[in-house]
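Undergrad: For 10-42, the entry in Swiss-Prot reads repeat 'HAT 1'. Summarising the annotation, Swiss-Prot assigns repeat 'HAT 2' to 46-78. What Swiss-Prot records for 90-122 is repeat 'HAT 3'. According to Swiss-Prot, the feature repeat 'HAT 4' maps to 126-160. Per Swiss-Prot, repeat 'HAT 5' is recorded for 208-247. The annotation repeat 'HAT 6' is assigned in Swiss-Prot to 408-442. Look at Swiss-Prot and you will find 444-480 tagged as repeat 'HAT 7'. Annotation source Swiss-Prot lists repeat 'HAT 8' at 500-531. The annotation repeat 'HAT 9' is assigned in Swiss-Prot to 574-609. If you look up Swiss-Prot, you'll see 612-653 marked as repeat 'HAT 10'. Under the heading repeat 'HAT 11', Swiss-Prot lists 708-744. Look at Swiss-Prot and you will find 746-782 tagged as repeat 'HAT 12'.
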Amino acid sequence: MSGSVWDIEGLLCEDDIPYEQEVAKNPNNLSNWLRYYRFKSSTSSCTFQNRVFILERAVKQLPRSYKLWMIYIDVVLQEVQTSVSYKSKSEILSVNMVFERSLQLLNRAPILWIKYLEFLVETQPYEITLLRRKFNECLYNLPISQHHLIWPLYIRFADDVGGMTGVKVYLKYLQYANPESLQGLNNEQEGELGITIDDIISKLVEFGDVKEASKLFQHILQHTDKFIGLSKSPLQLWIEYIDLLVNSVSKNKRSTVNYNEFDYFFEKLIKDGLQKFPDQIGKFYLKLTFYFIKRKNLFKARYYFDEGLKTCVSVKDFTMIFDSYTEFEENILTNMSEKLEKLGEDSDLNNELDLRMNVFEKLINDRPYLLNDMMLRQDVNNLDEWFKKIVLYKKDSDINMMLDTYAAALRTINPLKAHSLANKKENTLPNLWINYANVYASQNDVKTANLIFSKSVKSQFQSPDDLATLYIEWCELFVKHNDDKKAIEIVEDICTSERGKFDYNDSSIDIHIRVQKSIKLWSFYLDLLESMIENNNQIDEIEKVINAYNITIDLKIATPLTIINFANFLEEWNFYERSFSAYEMGLKIFKDSKIKFEIWNIYLSKIIKHELNIERIRDLFEQCLNESSIEGYNGCPANLCKPVYLLYSQYEQSKGWFTKSVKILQQGLSKLDDGYNQEFYTKAEKDTILRDKFDIYQVLISKILKLNDHNETRKIYEQSLKDNQLTLPNLIQLTMEFINFETELMEFNRVRSLFKYVCQLSNPQSPLIEPIWHNWETFELNHGNEATFKDMLRFKRKIVTEFEKDIILKNSLNPMGFVKSSQGPKVSSIAISAPKEENNPDSIDLDMDM
């Protein structure tokens, strides 16, 4: 570009003359040249030639100006990059020349070098020699402290070029890089590329230099303690080295290679690897098989496949070996079949093919058994695998092997370490015993099944619940064979024996003692006793059941379900008062309010069903809802009491006490109101209270509506609208119901007052309020006139304006937009500040703008 012939008339205009005069007067002033360039660049008519005309003269005058050269180079690069026309070689070389000129005096400017090298890589990737020479020249001129700026580009160039050039670049980087960086210990330090020695090895292999890669592998494997920071573990590096050797052997066709020595070296390498990584048996055996397949030594390949399957200890290794083994055999069979087709009938080859086919089929069929054996070698206490093994033999209908497997499992498993990795409920040690006994029971061999159960309950287990399961199944064995007496003897022997006082959860006590307090076993015992009763005349049997229930209560193992079952049993045999006493006993035993609520719920329903004295029932309802004589009971919690109040109210109504029914619902609202203000309720419980409160309002309103007492109905609606605890959606729903009620009565002034009230509750544009405005408009169209419609529109404009002012005020007071928490909806300040309208004799008595 320096050799261009300039057309002065085409490059200069009258506006340029002052700037030309300045640079002519003081050509060595950088500011003059920069002002001139910036002015010219800002004009719409400025072309690439205009810029170059100024910059070329500037850099000639100030050849050491880094700033001018950078501007010049950026202009040239931009022109080359944005030009849509074909770029000739001469144009590219002219850009090269600009860079070369700049670097003659600024050869220590890394940014110039980077721009130059990036340009060369992008536009002249085929000039390998030029690129390599310029990279080396750059590294030679720049101080070593700045080399880290160049190496990323140099490495990218090496990756693109590959081959021996790429190898030389990476080996050169190997000399430059910090040893700690190569070891993966200090890759975050400034100037490090994050390239480790294993990355370099990968590149050397990719570029075809196996010899250099092998040297680096050996160096790493001999000093694994120094390379702990690498992204690849020593195991990964070891396997990569093995793969490298396998691939190099398969490519080596020279007859001078001593394969026997190489085989010995390779097998020794694998054995050394097994010593270092004993948990990688499968993977290393697989490498051996691949090696001998490459060597076409199929006998040794099969030998190591079999050895691998016998010694591997992980599913991953087993799957890899087995899949590779089957693929290997399939390929052999395919090759033999193709060979047989070409040769025609060949008895020897045919026999060999049949033999190999049988071996292959056996290998496929044995897979689940081989895998199961491997899993049991890995963990003999894994119940899942023992159950799988039994299922395998069951599918084959091999009863003898099933029984042998049961016996082997129960003989081998440590009961205190038995577990199910899959967390399957059915895969338990008790079920192993039970299934074992059931094999004989299914063949009507009750004697052997009984013997197995008798041995099972003497074994150790991890929890008393396991032992209880065995006792239950043992009893079921005799129940199924119509020997209920023997079943009861077995369970009574354990449940009624004297054991003294102990804690069921005390792990220091033998489970054979703790099982006496197993509610699971007691529940079965109770069910068994109850099943023996057929009529009311069996007094002794009934008393025996009652006594058993009382023992569970005395042992303090009764659950809420036990109490309910006890009460149901007594009710079933017409012991009603004793049934009610059972419920009351449960209320005394259990302290949890939710449990008490459930018991009360059932108790009250039952006592209403039997139509006892009304005062007694009322007294029970009052005890349930409020503090009672029951120790530690302070009344039903507010978040649970709604069903009780509804049941109580419905009961009173069914007895003709309508006023009391309504009063009870009002009491419920009061209790919920007080409960919502208590701090000990959680947010979720308070949300429940609000929902229950709204539901009670709905029930209360529906009751009053049936009376056709308009004044009482209005009072309830007004009460609900004054309730500041209800949510906005609830208030809106109640208001709209109130509006419909007044509309049916043609109390239009009241309706308008209600519309005004509800429309003030939130922003007129909110999704909740906007439909209400539409309803109001519809109402005025149907029942109003032009004046009332205009009044509605004026009110709407006022509300919109007030809300806009309210928002502006809030934003000015709280510019960060923090929101203060609140409880329930609050009526807008509009309702407070709005002027009162004239008194309306038909208006509703609410705290709202009417």
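Yeah, the Cβs are placed from backbone N, Cα and C, and that goes for glycine too.
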Undergrad: Looking only at residues six or more beyond either end of the repeat 'HAT 2' (46-78), which have a C-beta under 8 A from one in the stretch?
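TA: Non-local partners: 1-2, 4, 6, 10-11, 23, 27-28, 30, 33-34, 36-37, 40, 95, 98-99, 101-102, 105-106, 109, 111-112, 115, 119.
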Undergrad: State the non-local partners of the repeat 'HAT 3' (90-122) in its own chain: residues 6+ outside its ends, Cβ under 8 Å from one of its Cβ atoms.
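TA: Residues packing against the repeat 'HAT 3' (90-122) from afar: 1-2, 59, 63-64, 66, 69-70, 72-73, 76-77, 80, 130-131, 134-135, 138, 141-143, 146, 149-150, 153-154, 156-157, 160.
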Undergrad: So what's near the repeat 'HAT 9' (574-609) in sequence-distant terms, Cβ-Cβ under 8 Å and 6+ beyond its ends?
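TA: Counting only partners 6 or more residues beyond its ends, the repeat 'HAT 9' (574-609) has Cβ contacts under 8 Å with 536, 546, 549, 553, 558, 560, 563-564, 566-568, 616-617, 620-621, 624, 630-633, 636-637, 640, 643-644, 647-648, 651.
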Undergrad: Apart from its near flanks, which chain residues at least 6 from the ends of the repeat 'HAT 10' (612-653) lie with a Cβ under 8 angstroms of it?
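TA: For the repeat 'HAT 10' (612-653), the far contacts come to 584, 587-588, 591, 593-594, 596-597, 600-601, 603-605, 660-662, 664-665, 667-668, 671-672, 674-676, 678, 681, 685-686, 688-689, 692, 695-696, 699, 703.
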Undergrad: On the 0 to 100 pLDDT scale, where does the repeat 'HAT 11' (708-744) sit on average?
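TA: Averaged over the repeat 'HAT 11' (708-744), the predicted model reaches a pLDDT of 93.
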